[in-house]
C-alpha cells in the first residue's frame, strides 16, 4: 500500500514520466552497473562512453584555470566554467584537490556511475582527465548553479524561489533518486543528497551531481550494505550514523531534509540561530506533531504566497521521510506521487484564510532582519 494513499492519483508530470534504463553501448550485451564497476575497479577503461580529455585540453578550456572562470569551491577541489573547442560547448570542469576529500576511489566511482546512469534528473558527465596525478571531471554546464545558491545563499536583491518552483525542484530531485533506486541494476544509493549537490538548469529542472560517495545497494535477500559512515552532517539518516548500515531509506531521509529546507528556507545546521533552532530537523519535529503550527515552517521570504493545503501536505511528506524508523519512511515512488499531486494543486489553489495570511505576514516581518544577513552570502556549486 502506498504511504500516501490519501493523495489523489492524479499526477502532474511536466518533466516526463519515462525512466530510461541504465546506459549500455549500442550493439553490445547489456551490462549491469555492478559488473562494470567490478571490471573497472583499478581504473576506468576506454569504452566507458565518457570522453577522455588531456590536461592541456582542459587547461585551454578554462584559460589555464584562471580565477575569472572559477564558479565553485569545496573540500573536493574547484569547479571552473570552460569552453571546449571541438565541438564548441560550454562545460563545468571539476579539478580535484590532490589532497582533498575526493580521492582516487571517489573519482573512479563518479566516472563509472555517471557513464552508466543516464536520466533527465542526473547531471550529464561529458568526460574526464586522468593525466599523471591530475584528476578532473567534465560536466554539462548548469548556468543557475545549485539549489543552495537560490535557497540559502541569496545575493542582495536576488528574488527567492516561489512555491511552485520549490515543488518542481523537489519533484525533480525525487525522480533522480527513484531512478537510482528502482531502475539501476543493481540499485544505487546516492548517499550525498543535499542542497549544494542539486544543480538547476535554465528551466529549474533539478539534476543530482557529485556521485563520488554513491554506493551499489543491496541485492537479493540482503537488506542493507555495510559502509564507513560518510556524507554531510545533518543530512545523514540517524540509523546510518549509528550502525553504518546503508539502505535506500537512507536517501529517503536525506531527501526529507532537503524538502524541509525548501519549505523553510533554513539550513539544516545553522549555528547563527538560537540554540534550539540550530538543527533544522530537531526544531521541526514538535511542529510536525501540531498541524496548527505548520505555517511556522514556511519560509518567511515567501511572504505567505503559497496554498495552505499544499504547504500542509508538503510538510506531511517531509515528516514521513524523516521518520526515525527507516521501514516507516515512504518509497521514492510514493514521494513522487505525492509531490506531483502537490504541483497540480498548487497551480489551482488559493492561499487560504485571512487569519492565516495575517500570521504569515507577521512571521515575514519578524524574520526580515534575520534573513537580510545570514541567507545573503556568496556561494557556488
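First residue shown is number 1, and so on along the chain.
Here the Cβ of each residue, glycine as well, is placed from N, Cα and C on the backbone.
Annotated features in Swiss-Prot:
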type: LIPID; residues: 3; note: S-palmitoyl cysteine
type: REGION; residues: 16-41; note: region 'Disordered'
type: MOD_RES; residues: 54; note: phosphothreonine
type: DOMAIN; residues: 65-342; note: domain 'Protein kinase'
type: BINDING; residues: 71, 72, 73, 74, 75, 76, 77, 78, 79, 94; note: ATP binding site
type: MOD_RES; residues: 139; note: phosphotyrosine
type: ACT_SITE; residues: 192; note: active site, proton acceptor
type: MOD_RES; residues: 196; note: phosphoserine
type: MOD_RES; residues: 226; note: phosphoserine
type: MOD_RES; residues: 232; note: phosphothreonine
type: MOD_RES; residues: 240; note: phosphotyrosine
type: REGION; residues: 347-381; note: region 'Disordered'
type: COMPBIAS; residues: 355-381; note: compositional bias 'Polar residues'
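Structure with Swiss-Prot features highlighted.
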residue : record                       : DSSP (3 states)
54      : phosphothreonine             : coil
71      : ATP binding site             : strand
77      : ATP binding site             : strand
139     : phosphotyrosine              : strand
192     : active site, proton acceptor : coil
232     : phosphothreonine             : coil
240     : phosphotyrosine              : helix
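The local packing around residue 73 (ATP binding site), expressed as other Cβ atoms within 10 Å of its Cβ over all shown chains, amounts to 14.
Straight-line distance linking the Cα atoms of residue 77 (ATP binding site) and residue 196 (phosphoserine), rounded to a whole number, equals 14 Å. Put simply, of the binding-site residues 71, 73, 79, the one whose Cα is nearest the Cα of residue 54 (phosphothreonine) is 79.
Each residue contributes its Cα atom, and for residue 196 (phosphoserine) and residue 79 (ATP binding site) those atoms are 13 Å apart. Residue 139 (phosphotyrosine) is 15 Å away from residue 73 (ATP binding site) when you measure Cα to Cα.
Comparing the binding-site residues 71, 79 on other C-beta atoms within 10 angstroms of each C-beta gives the minimum for 71. Around the Cβ of residue 240 (phosphotyrosine), a 10 Å sphere holds 24 further Cβ atoms from the protein chains shown. Each residue contributes its Cα atom, and for residue 192 (active site, proton acceptor) and residue 71 (ATP binding site) these two points are 21 Å apart. Annotation for residue 232 (phosphothreonine): same-chain Cβ neighbours under 8 Å, separated by at least 6 residues, are 192, 194.
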